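Participant: Sequence annotations record features per position, and here TrEMBL assigns active site, charge relay system to 40, 43. Taken from TrEMBL, the feature Zn(2+) 1 binding site covers 38, 63, 64. The annotation Zn(2+) 2 binding site is assigned in TrEMBL to 93, 96, 99, 107. The feature NAD(+) binding site is assigned by TrEMBL to 175, 195, 200, 262, 263, 264, 286, 287. The domain 'Enoyl reductase (ER)' annotation in TrEMBL covers 12-338.
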Ligand SMILES: NC(=O)c1ccc[n+]([C@@H]2O[C@H](COP(=O)([O-])OP(=O)(O)OC[C@H]3O[C@@H](n4cnc5c(N)ncnc54)[C@H](O)[C@@H]3O)[C@@H](O)[C@H]2O)c1
Ligand SMILES: [Zn+2]
Ligand SMILES: [Zn+2]
């Protein structure tokens, strides 16, 4: 089968012929229809410091996908051939304290699809049936392909109650944009979002945010004034991984405000901890998705009319992967999709 692989420890990806994955008794084999390109894939392609310590070659990359089940292992009972599925890309150990307590998203020994084992940028992918999410209600294929990052957005946005609250999102990348759509849909009063890319701020306006602020030439305090807020934001969703964004967020939260932090900073950085203490802020780290409460929420939010269409801005056949990756790496658009049937 065709697959996008990291062949050797060096920059770049290659479209290669590799054997189809085999499945064990608890696994399913999925014919991949569409995939989403994630920041993680860009790191692996660029072969930066993180990739060099995280990846063993050769590796089939990719973890955001939708496909159809074409074979099941003999012990699989809850997934059938023909089911349309997306996949939870975090494979958990099943044995640690959190796994045993049913808190699988807190597993200490998570292995990442397309990172720690062969992934989904291929014509077929194998996955434990426990990691498969069956789309019981039809979902647009491009949206189904990005359930994994949509899940990051939902997990973060729904970490704290936001009905009627004023929500600040720093970073209007694909995940920040989806979080803005979720916060709007879920009943926030104001949703303000910041970024340094005018193109991405424009996408945020299409989604219907109250305010899209360019952090290059305005502060969040300016944004507060524009919205008429008097005491600060109630809920903060950090989705840029940038120290200056986190600092400005902390400075503009209401007393007792709550911050859910998904953005992954590249390095340690300082924040005004005295402010965190005296404003009595809560900061919660978010990793992955809750299994499978977040997935349930994603499906029913879409059923309830949540519109993510503006978030998808690039569509390519898999043979044009170089152009697709360049598009995704530009930092200007939303999500980029690879079609594995074209
Ligand atoms: N914790 C997890 O499980 C998890 C999963 C996926 C992604 N992530 C992280 O979440 C973040 C968002 O993911 P993404 O795919 O949308 O990434 P992205 O890199 O596309 O988006 C980040 C955005 O932040 C913007 N930005 C840069 N400086 C800024 C500033 N000073 N103020 C406001 N915005 C600024 C960038 O222009 C970009 O649009 C990334 O840091 C990513 O590494 C975490
Ligand atoms: Zn991803
Ligand atoms: Zn575990």
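From the backbone N, Cα and C atoms, a Cβ is placed for every residue, glycine too.
Remember, TrEMBL labels are computer predictions, not curated facts.
Show me how these features fit into the shown structure, please.
Facilitator: Other Cβ atoms within 10 Å of the Cβ of residue 40 (active site, charge relay system), summed over all protein chains shown, number 23.
With a cut-off of 8 Å between CB atoms and residues at least 6 apart in sequence, the same chain places 50, 51 near residue 43 (active site, charge relay system), listed in sequence order.
Around residue 64 (Zn(2+) 1 binding site), the C-beta neighbours below 8 angstroms that are at least 6 residues distant in the chain are 35, 36, 37, 38, 89, 120, 145, 146, 147, 148, 149. Annotation note: residue 64 (Zn(2+) 1 binding site) sits in a strand segment as assigned by DSSP.
All protein chains considered, the CB of residue 93 (Zn(2+) 2 binding site) has 14 other CB atoms within 10 Å.
Around residue 264 (NAD(+) binding site), taking its Cβ as the centre, 12 other Cβ atoms fall within 10 Å, counting all chains.
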Participant: Around residue 262 (NAD(+) binding site), how many other CB atoms lie within 10 A of its CB?
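Facilitator: A 10 Å sphere around the Cβ of residue 262 (NAD(+) binding site) contains 26 other Cβ atoms.
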Participant: Taking residue 40 (active site, charge relay system) as the reference, which of 63, 96, 195, 200, 286 (the binding-site residues) have a CA within 10 A of its CA?
Facilitator: 63
Participant: Of 63, 93, 96, 99, 107, which is closest to residue 200 (NAD(+) binding site) if I measure between C-alpha atoms? They're all binding-site residues.
Facilitator: 63
Participant: Taking the centroid of the Cβ atoms of 93, 96, 99, 107 (Zn(2+) 2 site), which other same-chain residues have Cβ within 8 Å of it?
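Facilitator: Going along the sequence, the neighbours appear as 92, 94, 95, 97, 98, 100, 104, 108, 109, 110.
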